[in-house]
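Asker: Sharing the record's features from TrEMBL:
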- A:76: active site, proton donor/acceptor (ACT_SITE)
- A:187: active site, proton donor/acceptor (ACT_SITE)
- A:13, A:14, A:45, A:46, A:77, A:78, A:188, A:189: substrate binding site (BINDING)
């Protein structure tokens, strides 16, 4: 299918988490149409190897390409961390991840040059945030920590109370005492635990959520290339999932901040 | 490949959890060889739909059948709960799950007829334990609860201390006050949290782990059909995974109670 400025933006994630990125895109670019694919049959990506996450990412991208997207947003931090080079090499459209924009947003916020990054084991192990931060600002001090239990807590809706507070303390107490003044929420699920995380790290640590920074980067890139949709027909949004859609539609509305009318189940064999 | 009594037993699970079942098999049937497949590229199954879990289960079974197994053990409670009819219909060898044996073991243990079942959302939603228990003993009272955070806690090794204790209290406190005298650990990960679970439900509730009951059922079935391996050459064990093997080999040893020398990564596309 041929792409034009009115073609949709493609967004994929391992599940519902990337809907926070889609939400920021809808707000920043209200004239753009978008197609969202959540790979719910294989979720989560964060505990899997780079090799497997790259394989899944290429298949997700291929599915969206077949539907004529003009640009791909990798809304999953783990996939952004490990699969961006392979995706950029394979795709004829621009590809944007969430890590570059998140890292640059953190560098704009830090006062003392101490940046913390929390994410899935896959994201942290990849060192992608650390590389992006130090490439842009060699003097930045980076401290990264994997917080694997945050994803199941957010998915189950355990975002307040004693359990998430204890888990957050276990992971994060020393961040606040270590010269870190800015903390990147390097997983799209973590903004749901923002209140608890903020409480544990204290008011002197600024939290960075990559979703808005990514929407800003998409706007800039489409603008530069003359690919912005002009105001006109109402934008269209389409949702695809690889497992049955019921839970995605229900939980996803919490992440997107608006109802998801329907999601189509697609069978991607890989 | 043709099966004989010296053909291996096939065992599959979504990941490492089913190794507790393989361990029980090795102890109960020391002359049997076995092939174990952990679908680590798609783990976990417990939060996915019955449709997707059945699709994955059929592919896992096909892989093991090609390697000449004489009997299939579905070591995953979620797959046992939703995919057993499809597997039995598709396979030319006997298929055993963990739910029937676990339910019968619970009925042998209960004194007052109150049985609790804890498992993944997929297992509990399927109602498989409830059906097995009530088919065998119509007067049994069954209370089931999904405990989705137990799997990530066990996988991350958070099996002792304040966090698992709080989570267990949140899920289980009322079980102990509700006439339940027997609790089925309806997920192969849960035995790793046995100490914490026992503490929360108290000494009057007996815990049932399906692994030993399943090994007993396999021994009985092979015996009846004259398919037991006779003492002779050292049994051989083979391990296969769908993601990179490093973490499986490392974490798996905790579940199996002995080292896993090596695991072969196989690419099952589905």
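We number each residue from 1, going along the chain as drawn.
Using the three backbone atoms N, Cα and C, a Cβ is placed for every residue, glycine included.
Just so it is clear, the model here is predicted, and its values are computed rather than measured.
Tell me what's around each of these sites.
Answerer: Residue A:76 (active site, proton donor/acceptor): 35 other CB atoms within 10 A of its CB, across all protein chains.
Non-local contacts of residue A:187 (active site, proton donor/acceptor) by the CB criterion (under 8 A, 6+ apart in sequence, same chain) comprise A:17, A:46, A:77, A:78, A:118, A:119, A:120, A:123, A:147, A:150, A:151.
Within 10 Å of the C-beta of residue A:45 (substrate binding site) we count 28 further C-beta atoms, all protein chains included. In the three-state DSSP scheme, residue A:45 (substrate binding site) is classed as coil.
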Asker: Could you give the Cα-Cα distance between residue A:13 (substrate binding site) and residue A:76 (active site, proton donor/acceptor), in whole Å?
Answerer: 5
Asker: Between residue A:188 (substrate binding site) and residue A:76 (active site, proton donor/acceptor), how many Å separate their Cα atoms?
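Answerer: Roughly 7 Å, rounded to the nearest whole number.
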Asker: Under a three-state reduction of DSSP output, how is residue A:189 (substrate binding site) classified: helix, strand, or coil?
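Answerer: The three-state answer is coil.
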Asker: Take the mean position of the Cβ atoms of A:13, A:14, A:45, A:46, A:77, A:78, A:188, A:189, the recorded substrate site. Which other residues of that chain put their Cβ within 8 Å of it?
Answerer: A:15, A:17, A:18, A:44, A:76, A:79, A:120, A:123, A:151, A:187
